[in-house]
Amino acid sequence: KTPKTWIHGDTRKVVYPTDSHGQFCGQQGTPNANKAILFYFNILQCPSLRGTHYAILYWEYYRQFCKPGFDNPRKVQRPDASSQILQRCFPDFITRNGTLTVANKTDFKDGLGKTRSVIDLRDAANGITSLLDAKEVGMKIFEDYASSWYWILLGLVITMVVSLAFILLLRFTAGVLLWLIIFGVIAVVGYGIWHCYWEFSTLRGKPHSDGDVTISDIGFQTDFRVYLQLSQTWLILMISLSVIEAVIIVILIFLRRRVRIAIALLKEGSRAIGYIMSTLFYPIITFVLLAICIAYWAVIAVFLASSGDAVYKVMSTQDKCMYANLTCDPEKFSQTNVTMVCPGSQCTFAFYGGESLYHHYIFVLQLCNLLVFLWLVNFTIALGQCTLAGAFASYYWALRKPQDIPSCPLFSSFSRAVRYHTGSLAFGSLILAFVQMFRIVLEYLDHKLKGAHNAFARFLICCLKCCFWCLEHFIKFMNRNAYIMMAIYGKSFCTSAKDAFFLLMRNVVRVAVLDKVTDFLLFLGKVLISGSVGVLAFFFFTRKIPVIQEEVPSLNYYWVPLLTVIFGSYLIAHGFFNVYAMCVDTLFLCFCEDLERNDGSPLKPFYMSPQLHRILRREQGSKLYASS
C-alpha cells in the first residue's frame, strides 16, 4: 500500500513558484504555462504611483504578471529593478543613507477598502531588504564556488593523499611521526604567536592607522580582511594561541610516560591496519550509507511539507458576511447563493494543505521522520564500529600473527554484524536517537524562550541541555565499547554494555589516560594535516605564491574556498583517523581482557604482541619500584 506521504505530497510546490490562485508558474497544463517567472510587486510603491504615467508606461510588459482578467493599467504599480532567483523576481527596495525609502503618504486603502499604514509595512520591508542583502552575499559566494571548485577539489585530493601516506608511514615509524606531530604543532602554534605579535606591533607603530579601532566599532563585515587591519584582532589571536600552547606543553609534561604507552598502542594499531588494509576504505561505505539516509529523510520531509491540495476560502468586502473564511469550491462557487447574500464575495485560493486528521498532524509526522533519520544515522555508524571492531579483534586474538588471522576479516566481520547483531545495533542506536531527539526539542524550547522574562524557565532549560549533552556523550562512549565487546564475544547489547562498563571500571586509570592521550595525539594529526593544507590554500587564494599567481581565480571572498578546504580537509583526515581510533580502542579492550583472562603461562599465554608485553612489564616494574 502506498504511504499517504507519497500520495498527498507534491515536490513541485517546493521547486516551482505559484501565483495567488495556487497555480504553478511555467508548468504545462496550467493557465501559467508560458509564465515561468513569479514577480513580487513592491507594495510600498502602490500609494504614490497609483494613477501616474508609470503605470501606463510599464503596462504592456508587466500585464503578464497580473491575474487573468485584469485590464486596468492605472492600477499597475511601477516595479523597481528586480533580479531573478529560483524563478522568482524580488523588487529592489531603494535605500538612502541606510534608511528604507517608502511612499510619502502615511496610509492608503487596499483592495478591500481597509486603511493600511505605511509604517506598519516598514518592518516587513526591512525584513525583505535584509533578505535581499543576504541574497546578494549568497550569490557572490555561489560565484566564488563556481570559479574555484576545481581548486577546492584539488586541495581535498591532496588531503586524502597526505592522510593515506601519513597512515602508511605510521605503520613503520609511529613513534617518530607522533613526536614530530607533537613538536610540529608546538612549533606551528609558536610561529602563530610570533606572527600575531609582529602584526600587532606593526599596526600599533603605524601613525594614523586603524590600530586603535576595535572590532565592536566596525561591527560584522563580510570581508574578513577588514579585521586583519585591526591590532585588537591580532592581540586576541596571540592570547588564544598562547593559552593553547601552554595547555599542550603542560599536558605533555605531566603525561609524558603515558604518551610513550599510547605511542606503543598506536604502533600496534598500525601493525593491525597493515595486515588489514581494507579497513582504511570502509569509511567510504559509511559515507554512502549516510548519504542514502540523508536523501531518504530529505525526500520524506519534502513530501510531508508539500502535502495537501489547494484550499479556497470565501473572501468578502463586507465585514459581517456569514460565509467569510469558509472553505469553498471555485468551480461550484457561482452556483451557490454566497454572492447574493454577500455581494462582491470571491472564492480565493488560501493555502496548500487540508483539513483532515492527516494534515493536522503534519508537524508530528515531521518529528517522527526526524527521529527515524537520527535512528538510521546512528545505526549506520554503529554498524561501522561493530564491523571494524570485529576485524581488529580477529587480529588481536590470533595467537600467531599474521598466520592465524582469518582471511577477509573485514568482510567476515561485516557479515557477522549484519546477520547476528542487527537487533542489538538497532537497539543501541534507538536509545541514542531518543536522547538526541530530546536535545533537539530542548534547543527548540530554548529558542522560543529567548525573549521570555521567566528566568527560572531559562535556567531549567539550560540545566537540562547540559545534562542531556553529558548523557549523549556518555551513551556514545558506552555504545562504542559495547559494540566492541559484542564483536568479540557475540553477546547481546545489554550484556555487552554491562561487561564493557565493568571492564572499563576495573581499568579506569588506563581508560582515563591511555585512551584519551591516544585521542589527543590523533586529534593533533588531524589538526596538522588540515592546518597544513589550509595554510597552503591561504597562500594560494591570497596570491602569495609568485609561481602560480596567474592561476588564482578572481574571488569576491577568498575565505569561501579557504574555509571549505579547511573544513573538508578536516573531515577527510577525520575519516581516516577514525579507523585508527577504532583500532586502538578495540586493541585496548582486548588488552585489558587479555590481562584478566591469561597470565602468560604455557597454559594461558598472552595474546598480546611482544611489544605490548614489554610495555606491560615496564609499567608493572615502575609500579613495584614506586611501591617499594
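Yeah, the Cβs are placed from backbone N, Cα and C, and that goes for glycine too.
Annotated by TrEMBL as transmembrane segment, the relevant range among 348-370, 555-577 is 555-577. When TrEMBL is compared with the stretches 420-442, 489-511, the one noted as transmembrane segment is 420-442. Among the ranges 40-63, 520-543, the one that TrEMBL lists as transmembrane segment is 520-543. Taking every listed stretch (149-169, 176-194, 555-577) in turn, the largest tally of C-beta pairs under 8 A with the transmembrane segment (520-543) is reached by 555-577. Among residues of the same chain six or more beyond the transmembrane segment (149-169), those with a C-beta under 8 A of the stretch's C-beta atoms are 177, 270, 273, 280, 525, 529-530, 532-533, 536-537, 540-541, 553, 561, 564-565, 568-569, 572-573, 576-577, 580.
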